[in-house]
């Protein structure tokens, strides 16, 4: 990269939202849902300029007549054609750049299938002709954004939650744990428990309404049992929400029962540990000498950590698991929804990072598998 004036593009492809922008910016320029929508009905009016597919916000706004699909599930791309549409939309409509002129930094969840990043690499070089690219681990970027080099990141997005311990800038791969329970599962769970209240949400469009209810009204209880008792005895916790058609629904204990599944996955019929226990287990897999530093630097990142009360609850739960004298500090930066992207924006600018890019030339020589050699 001899030219200094060509900014790298940073794209954080989340399962729920795609965050994209230019390296060096302090926030992503474009944030839109990772959705591709296709019409459910036949177009009858000629000249309307109907398209056979819509991406992002446009799909969201026309959701009443579309079937919405998320091409990324649990952090893994399941539909590459749709994924290509999302990238195309990112480059040409959102950022308005020519991808063949900019290096591109992409992000990925740890412990993803190897084929996933190979295919990402292949599409970037062969379809979009990028001059260089790199795939970074999401949680590592979040730690960069928080200004630390040591800590454990609990990153929970829409599709996947993972805990990554990092010491002096090195991720410790043997201690990384991944939990396929995140925002989308909570949305589905909220759909289910609202049905018990007599509100029916079934279509892909209605799921988006429930996601909005979740984001606006849910919170994490410090003491779940006590909160349930409060909700049963008074209506102080009830909130109302107006649906797009003007109907008003009331939601009570669902407000904290929904995110409680993060701490008790058995609510979803899952046999895994909650996020607090996963974080603790991840720390316990690390060398005994560095645990103290990890407990004192537990960083939350991702949209599913945005619930009010989640940091206090994590503090309480981890304190209960850890040795009694241990100092535990949960760091929840206000911009943590975008901290992966912000970390990518920082990384792509570092002078020491410039030799890490995979160039088009290296790709042509080695093929997609080069990504495993050059990207951690």
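The backbone N, Cα and C atoms fix where each Cβ goes, glycine too.
Annotated methionine (R)-sulfoxide per Swiss-Prot: 45 (among others), in sequence order, evidence recorded as similarity to another entry.
Annotation comment: Swiss-Prot describes 48 (among others) as methionine (R)-sulfoxide, evidence class similarity to another entry.
The tele-methylhistidine annotation in Swiss-Prot covers 74. Look at residue 74 (tele-methylhistidine): DSSP puts it in coil. Cβ environment of residue 74 (tele-methylhistidine): 15, 159, 160, 180, 182 lie under 8 Å away, each six or more residues apart in the same chain.
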